[in-house]
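Remarks on the structure that follows.
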Amino acid sequence: MQLRASVLLSFLGLASVGHAGNVENNHNVCTVRANGGHQDDVPNIMAAFKECGNGGTIIFPEDQSYWIATRLHPTLKDVAIEWRGKWTFSDNLTYWRNNSYPIAFQNHHAGFIISGDNITINGYGTGGIDGNGNTWYTAEKGDTQPGRPMPFVFWNVSEVIVDSFYVKDPPLWSVNIMNGTNMRFNNIYCNATAVDAPWGDNWVQNTDGFDTMDATNIQLTNFVYQGGDDCIAIKPRSYNIDIQNVTCRGGNGIAIGSLGQYLEDSSVANIRVDKVNIIRYNEDMHNSAYLKTWVGALVPQSSYESAGVPRGDGWGSIRNVLFSNFNVQGASAGPSISQDSGDNGSYAGTSKMSISNVAFVNFTGWVDTEKSVVSTVSCSEVHPCYNIDYDNVVLYPGKNATTAGTGSCKYTADGGVHGLSGC
């Protein structure tokens, strides 16, 4: 009787070594080699995820550069990914506009989505994703259009570790968690730079660094961001988020929100953000730490992020938030609260989101303003905010100012703001 090699190996108790294109499977360890040039590597990558994505190891070697020309969405379980090489998204804008995975939230799209459980990704300081975003930035020149693919999205995941990884020039948000539980990120670097933009022009809107939504028990440490939007954004239904050691260069700083854009509960609770450097870059650094919610009415919107339909009127609460140890170098504003997103001038103070138990602790540095007010608290007349604490917040209105700035408040509960001069 003649036996095939794979059958004979099974009789001998040995695992076979398989090859599928540029994928080598050695005892449930899949090593993926790039095709080279601008040949699509996604078929080989998906083959590796299929062969070794359940209880195995997947390796992208450091000397390999992969061309991502088509969308991909693997579901993985009990897998370790040694991501030492670089993925580069193709510059085929037409393909991505027409084929990226639609994300209902804010009319966005994704090019690469990971789902599953017990996933470890290590970039070892060399691995990551180049989103080829400069092609988009130059084409749109600051007027973001639908269809840009988010390059690194976690959707329906749990027990995830990501270490020593980068996302360079994302077309849209860099790292996005949507329905994730028990996730740890460490040594993450995100950079969105429009090399063709005139100095002072922001062509990299919507290139958030790290966003969470429907997320619980998320830890982020040692994070560096350069871009033109939220460095970090804590979005609806995020709970138990712990963030430490962050540097934000340019953009909007650390955001809670925006919340209440949709007719749903957008609550957020138990957030700590500690040890943050906020650095002005490209004449752009709008905020340092801020909370933003929508008005309590459906208001017509023209932006693509609202899909051109009325938005707002969401509800919920923001509670137990700590921002501490911020060094602010040239942001346009100090810590702030604004509950009038989406307003057309008729609905100020109507937000249905309540805000309480928020602390800003140990803020130092300067704010790029000619006014004396460096921090504003503008809450909701429907739910006046309370237990808003400022503790050792000393920010100067200008780099050479000698007198610390003050604050302004409205729609707050009586005695609801403590420690902010002017309130």
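Glycine residues also receive a Cβ, built from the backbone N, Cα and C atoms like all the rest.
With a 10 A radius on its CB, ASP229 (active site, proton donor) counts 26 other CB atoms from all the protein chains. Residues or ranges marked as active site, proton donor in Swiss-Prot (evidence: similarity to another entry): ASP229.
Residues or ranges marked as N-linked glycosylation site by Swiss-Prot on the basis of sequence analysis: ASN92 (among others). In the three-state DSSP scheme, ASN92 (N-linked glycosylation site) is classed as coil. Listed in sequence order, the residues of the same chain lying 6 or more apart from ASN92 (N-linked glycosylation site) and placing their CB within less than 8 Å of its CB are ALA69.
Long-range Cβ proximity for ASN98 (N-linked glycosylation site), meaning a same-chain Cβ under 8 A and a gap of 6 or more residues, is found for GLY147. DSSP assigns ASN98 (N-linked glycosylation site) to a helix. Residues annotated as N-linked glycosylation site in Swiss-Prot, with sequence analysis given as evidence: ASN98 (among others).
Every protein chain shown contributes to the tally, and the Cβ of ASN118 (N-linked glycosylation site) ends up with 16 other Cβ atoms within 10 Å. Residues or ranges marked as N-linked glycosylation site in Swiss-Prot (evidence: sequence analysis): ASN118 (among others).
Under the three-state DSSP scheme, ASN156 (N-linked glycosylation site) falls in the strand class. What Swiss-Prot lists as N-linked glycosylation site is ASN156 (among others), and the listing cites sequence analysis.
Reduced to three states, the DSSP call for ASN179 (N-linked glycosylation site) is strand. Cβ neighbour count for ASN179 (N-linked glycosylation site): 16 (other Cβ atoms within 10 Å of its Cβ, all protein chains included). Annotation source Swiss-Prot lists N-linked glycosylation site at ASN179 (among others), citing sequence analysis.
Around ASN191 (N-linked glycosylation site), taking its Cβ as the centre, 20 other Cβ atoms fall within 10 Å, counting all chains. The N-linked glycosylation site feature in Swiss-Prot is assigned to ASN191 (among others); the stated evidence is sequence analysis.
In sequence order, THR221, ASN222, PHE223, ASP274, LYS275 are the residues near ASN245 (N-linked glycosylation site), counting only same-chain partners six or more apart with C-beta under 8 A. Taken from Swiss-Prot, the feature N-linked glycosylation site applies to ASN245 (among others), supported by sequence analysis.
What Swiss-Prot lists as N-linked glycosylation site is ASN344 (among others), and the listing cites sequence analysis. Counting only residues at least six positions away in the same chain, the Cβ atoms of VAL299, PRO300 sit under 8 Å from the Cβ of ASN344 (N-linked glycosylation site).
Sequence-distant neighbours of ASN362 (N-linked glycosylation site) (same chain, six or more apart, CB under 8 Å from its CB) are SER324, ASN325, PHE326, ASP391, ASN392, VAL393, listed in sequence order. Taken from Swiss-Prot, the feature N-linked glycosylation site applies to ASN362 (among others), supported by sequence analysis.
In the three-state DSSP classification, ASN400 (N-linked glycosylation site) falls within coil. Swiss-Prot lists ASN400 (among others) with the feature N-linked glycosylation site, giving sequence analysis as the kind of evidence.
For the repeat 'PbH1 1' (215-236), the mean pLDDT of the prediction comes to 99. According to Swiss-Prot, the repeat 'PbH1 1' annotation covers 215-236.
Sequence annotations record features per position, and here Swiss-Prot assigns signal peptide to 1-20.
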Distance from ASN191 (N-linked glycosylation site) back to ASN179 (N-linked glycosylation site), taken between C-alpha atoms, in Å: 24
Out of ASN118, ASP229, ASN400, point to the one nearest ASN191 (N-linked glycosylation site) in space (Cα versus Cα); all of them are recorded positions in the record. ASP229
Whole-number Å only: compute the distance from the Cα of ASP229 (active site, proton donor) to the Cα of ASN118 (N-linked glycosylation site). 31
Suppose we draw a 10 Å sphere around the Cβ of ASN156 (N-linked glycosylation site). How many other Cβ atoms does it contain, all chains included? 15
Cβ proximity for ASN400 (N-linked glycosylation site), under 8 A, sequence spacing 6+, ordered by residue number, returns none
Per DSSP (helix/strand/coil reduction), ASP229 (active site, proton donor) sits in coil
